[in-house]
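J.: So Swiss-Prot lists the following for this protein:
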{"type": "REGION", "residues": "1-34", "note": "region 'Disordered'"}
{"type": "COMPBIAS", "residues": "1-12", "note": "compositional bias 'Polar residues'"}
{"type": "COMPBIAS", "residues": "17-31", "note": "compositional bias 'Low complexity'"}
{"type": "DOMAIN", "residues": "42-127", "note": "domain 'ACB'"}
{"type": "REPEAT", "residues": "191-220", "note": "repeat 'ANK 1'"}
{"type": "REPEAT", "residues": "224-253", "note": "repeat 'ANK 2'"}
């Protein structure tokens, strides 16, 4: 469910360790921005580098792809301006953290660092040589890769299931399905997550309210023993935590690691609310 670095079927090779979320690119240790000749246009070189990278993905580590992704976003979008991905979207969070770590880095710096990594991957690369097209292109992935790394997976309407509509916060569709098809509001996905888990994870408060109105099991636990309250707490949605508590959520339920909802959050306000609620019920 996490958005991938690459199109379906692509691989990135051995990452050689944990992915880095900042300027430390793993295989790109202490890399300095290259000197760009005055006669060359930096944006033009950047676009050529992005195009050339299509044929280098198989030799790039995951750390390098993450490093490149962050700088591509910094150039094309600017400073990180999107919410942190959901609790269990591991790849999405790594990508977001890498981009976020660039802070106010200038597009110029990001372009130079991007070009430097492409040169590191292929020291023989000559920006003046035209890239191979069509069947000659050594992409191995059926099309451009890094130039569109940041695009989220698009699911065709006919391929969507009820959980996809939940992630999209499509309240009308979910309500219609529950009403007309007598769907079990507590049905689970392969990880044991219900619609309520998903709605809490994504911060869809109105949808949470609707699901509770249709008698969603507020204390249902997923395959790891986590309740919707664990998800809302971990994602630091204070308003949803409050709503769940007011609706009867049990803050004393532990997951398989023995953690209470108050122990999976980094938000002091959420922790305090959960502790106060537990104390008040004692």
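Counting starts with 1 at the first residue shown.
Glycine is treated like the rest: Cβ placed from N, Cα and C.
Neighbours and distances for these, please.
T.: Within the model, the domain 'ACB' (42-127) shows a mean pLDDT value of 86, rounded to a whole number.
With a threshold of 8 Å between CB atoms, the same-chain residues lying at least 6 positions outside the repeat 'ANK 1' (191-220) that come near it are 83, 86-88, 162-163, 166-167, 169, 171, 174-175, 178, 185, 226-229, 231-232, 235, 237, 239-240, 243-244, 247-250, 253.
DSSP assignment over the repeat 'ANK 2' (224-253) gives 16 helix, 0 strand, 14 coil.
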J.: With a Cβ cut-off under 8 Å, give me the same-chain residues at least six positions beyond the ends of the repeat 'ANK 2' (224-253) that come close to it.
T.: 86-87, 191-192, 194, 196-197, 199-201, 203, 205, 208-209, 212, 218, 259-262, 264-267, 269-270, 273-274, 277-278
J.: Quick one: DSSP breakdown of the repeat 'ANK 1' (191-220) into helix, strand and coil?
T.: 17 helix, 0 strand, 13 coil
J.: As a quick check of your reading of DSSP, tell me how many residues in the domain 'ACB' (42-127) are helical, how many are strand and how many are coil.
T.: 58 helix, 0 strand, 28 coil
